[in-house]
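Student: Pasting a structure here, questions to come.
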There are 2 protein chains.
Amino acid sequence: MEQAIGVIDSGVGGLTVAHELMRQLPKERLIYLGDTARCPYGPRSKNEVQKFTWEMVRFLLKKNIKMLVIACNTATAFTLKELQDNLDIPVIGVIQPGARAALKFTKNNHIGVIGTEGTIRSKAYTTALKNINSTIHVNALACPLFVPLIEQGGATGEQALKVVEDTLSPMKKNNHIDTLILGCTHYPLMKDTIQSSIGKHVTIISSSEETARETSAILDIHNLLNSEGEIPKHQFFTTGELTIFRKISKSIFKNSNLHTVSIEKAAIN
Amino acid sequence: MEQAIGVIDSGVGGLTVAHELMRQLPKERLIYLGDTARCPYGPRSKNEVQKFTWEMVRFLLKKNIKMLVIACNTATAFTLKELQDNLDIPVIGVIQPGARAALKFTKNNHIGVIGTEGTIRSKAYTTALKNINSTIHVNALACPLFVPLIEQGGATGEQALKVVEDTLSPMKKNNHIDTLILGCTHYPLMKDTIQSSIGKHVTIISSSEETARETSAILDIHNLLNSEGEIPKHQFFTTGELTIFRKISKSIFKNSNLHTVSIEKAAIN
């Protein structure tokens, strides 16, 4: 199946999902659309997020994608069910794969979740976890400074560690968690800093890695895996500034796969 | 969906998958069938394995299962595709989930696989891995002594470590693997011994844990998860001796969940 996998995000965070898809599924072609011009989605109303998400989906459906990955936590929380019910192709979000991985890793049933204010307020992870196991203890914490810090290129170093230490301190008090879900697709970019703050005894779950892995499973059960050997040419689109999008792409991909990617501007509304 | 998940295995190895299903999906009810009387399937012909597997499947279909888990590597290798094509319910095997997890964990693209002689000879893991990423290096090794050792209750201790050390020595020579798949549902019972022999730098993938996790994903996308809160009563069936099956069940479940399980004898052919 040489058709591409479609990936949508409110901006650049979903590029960590794209990066993992390219690493775990090197024969698959991606078409990525980041709505950078209207990012962030977090503070927007449900109606607005649904409207914007459908605009992105329509853009990708015209490109004949075989599967859709919603690489944005807010869009997943507000549109996953609706898109699954209305599209003829498989649709996956970023919340459930992270929740399922955490349920696999935890030994003491105490799971931490960090994300943007919108994601934490939506209780989407708590719902996903407790829907499967109602005895799970969830410790959820909003980390509003992480995304701006990452977007400014400050994911590592002493300043980052200080921000992370301060933000995570309520979670570390009386902390029983043995598993922590990075409930925002930006956070894998500061995973090392988060790990050194929360401690080595905590298993960190990257929703980006887990979403890529479940995309592989879903393509397989739908007989949609690409069996061709050729390395595909990916297309990344942004609704915003090309220069910034290119710069952040470079920092995420560290140039490893970027020669196989074309980056273009898209008008979707 | 209060219907049960059906789990089949050539004998008792699949109980590690059942154990993980009960841990990761505590609201789901299981009906397990182990064909202990005709175990092992490893040395049997493809035709025979297909015939036996269909007999197990028909037994479970009469019990109105909502999904089928083939918790046996040999049966997966020989019947997965056929069962997926012919049944109206989702079907999952144990090989692909382990392969996908390994592709997620490996950083250096060198993956080891250990299994029974039949599984290694079938090259099912190598095919599953290379089908997704043709640049992966696979180091596959048959470990014919592990299952008999485990069945005799010798999964830990000095004798076990000696057998494991001797068996794994060809894999440890010029060893570049950073990820090792336990390609047999018995092997999680000696995971600690294998880890201490292969070294802490190698991530060990349990196909039992990974299959349970993908079962969760598949139930979710098919809207088949059980949302009821009640702890279910599981039914385990064996075609062989009840006493031995009970004893091994106890050693796997360490009595933790066994009060929710009834164990009965089944005639299926």
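Each Cβ is built from the backbone N, Cα and C atoms, and glycine gets one as well.
Sharing the features that TrEMBL gives for it:
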- A:D9, A:S10, A:Y41, A:G42, A:N73, A:T74, A:T185, A:H186: substrate binding site (BINDING)
- A:C72: active site, proton donor/acceptor (ACT_SITE)
- A:C184: active site, proton donor/acceptor (ACT_SITE)
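Have a look at these and tell me how they're positioned relative to everything else.
Tutor: Neighbour count (other Cβ atoms within 10 Å of the Cβ, all protein chains): 28 for A:H186 (substrate binding site). DSSP assigns A:H186 (substrate binding site) to coil, not to a helix or a strand.
Under 8 Å, Cβ to Cβ, and six or more positions away along its own chain, A:C72 (active site, proton donor/acceptor) finds A:I8, A:D9, A:S10, A:G13, A:G14, A:Y41, A:V94, A:T185. In this structure, A:C72 (active site, proton donor/acceptor) belongs to neither helix nor strand by DSSP; it is coil.
Within the same chain, residues at least six positions away from A:C184 (active site, proton donor/acceptor) with a Cβ under 8 Å of its Cβ are A:G13, A:N73, A:I114, A:G115, A:T116, A:T119, A:C143, A:F146, A:V147, A:S207.
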Student: Sequence gap of 6 or more, Cβ distance under 8 Å: name the residues on the same chain that satisfy this around A:T74 (substrate binding site), in order along the sequence.
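Tutor: Result: A:S10, A:P40, A:Y41, A:G42, A:R44, A:V49, A:T116, A:G118, A:T119, A:S122.
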Student: Measure between the Cα atoms of every pair in A:D9, A:S10, A:Y41, A:G42, A:N73, A:T74, A:T185, A:H186, the residues the record assigns to substrate, and report the largest value in Å, rounded to a whole number.
Tutor: 13
